[in-house]
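According to TrEMBL, the protein has these features:
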- Asn68, Arg69, His169, Thr170, Tyr171, Asp235: beta-D-galactose binding site (BINDING)
- His169: active site, proton donor (ACT_SITE)
- Glu301: active site, proton acceptor (ACT_SITE)
Amino acid sequence: MADQPQIYELNNGTVVVKITNYGCTITSLSVPDKNGKLADVVLGFDTVEPYVKGASPYFGCIVGRVANRIKNGKFTLNGTGYSLPINKPPNSLHGGFKGFDKRIWEVAEYKKGDKPSITFKYRSSDGEEGYPGDVSVTATYTLTSSMTMKLDMEAVPENKATPINLAQHTYWNLAGHNTGNILDHTIQIWASEMTPVDENTVPTGEIKPVKGTPFDFTAEKKVGLQAHEVGLGYDHNYVLGGGEEKLGLKRAAKLKDPSSSRVLNLWTNAPGMQFYTGNYVNGVVGKGGAVYNKHAGLCLETQGFPNAINQPNFPSVVVQPGSKYQHTMLFEFSV
């Protein structure tokens, strides 16, 4: 349908979400606080232009073909070596220079009503950004109930085995996108282990317990409490597990803003989650002229483990032709 970047709205009378077909990107998401007052709780821009012009540090988009970092932009699959663009030296990040976040997706379906939804489609061609094989991708955002949004991502390789690892890269600030930093938010993460990283933020291959470290969020704690102890802030992959399950999804995280009492519970079927505290955001002028600085929002990117293609002990991200990659995220808001 649309071959121009446009913004579409999902509105169920309680939650209002704006999403563009450019990068399958959530540009705005408004939810009520304890007094029923709406605020937009995601970082972003008012129009599509800044996204198209490259002003966005991955605000709200779907990243792929492979989310996160691939060490030195290299991997071998079925005896063939592949070289990817080094867009975050010395690594390849989030699919390369023109990943899924910088593509115009086709709007395949757009439904209004009490469970509004929108489905985007994209076909990634063989050799695109260095990756093997043609892949058909779909992403559907649905407001499944008054305070819940679901994202279903699917990808099918058509002719070659390929790594696939999609992630949703929204930056959350439950107090409102223009309220400053998220260091006073509290978070609980259902993960007793994480994957330590090297000096270039690539996992070393180890899987380490979080107990007794600044990475321990097994009990609810302030985001900013020990953030200064881990360099610029958190930018690490957590090994999800140990929480309850719902609809085949496991509990990943619970984020709370004390000022508005807004709560976000996140559920997923992915094995990992990148917890990122917006460490590289610096003076980005966003919606309504708001200036976003370091820690203005945080990301909860459920995913396959970073650099899994080069780490045999990590869960595989390789998908065979005819098989289907399926990744679901459930965002449950409450007060």
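Residue 1 is the first one shown; counting continues down the chain.
Placed from the backbone N, Cα and C atoms, the Cβ positions cover glycine too.
Cα of His169 (beta-D-galactose binding site) to Cα of Glu301 (active site, proton acceptor): a distance of 6 Å. Asn68 (beta-D-galactose binding site) counts 28 other C-beta atoms within 10 Å of its own C-beta, drawing on all protein chains shown. The recorded positions considered are Asp235, Glu301; of these, Asp235 has the fewest other C-beta atoms within 10 angstroms of its C-beta. For Arg69 (beta-D-galactose binding site), the same-chain residues 6+ apart in sequence whose C-beta sits under 8 angstroms from its C-beta are Lys88, Asn91, Ser92, Leu93, Asn200, Thr201, Val202, Pro306, Asn307.
Shown in sequence order, Val42, Leu43, Gly44, Phe59, Gly60, Gly278, Val281, Ala296, Gly297, Leu298, Cys299 are the residues of the chain, 6+ apart in sequence, with a C-beta less than 8 angstroms from the C-beta of Tyr171 (beta-D-galactose binding site). Residue environment of His169 (beta-D-galactose binding site) contains 24 other Cβ atoms, counted within 10 Å of its Cβ in all protein chains. Sequence-distant contacts of Thr170 (beta-D-galactose binding site), defined by Cβ-Cβ distance under 8 angstroms and a gap of at least six in the same chain, are Ile26, Leu29, Val42, Leu43, Phe59, Gly60, Cys299, Leu300.
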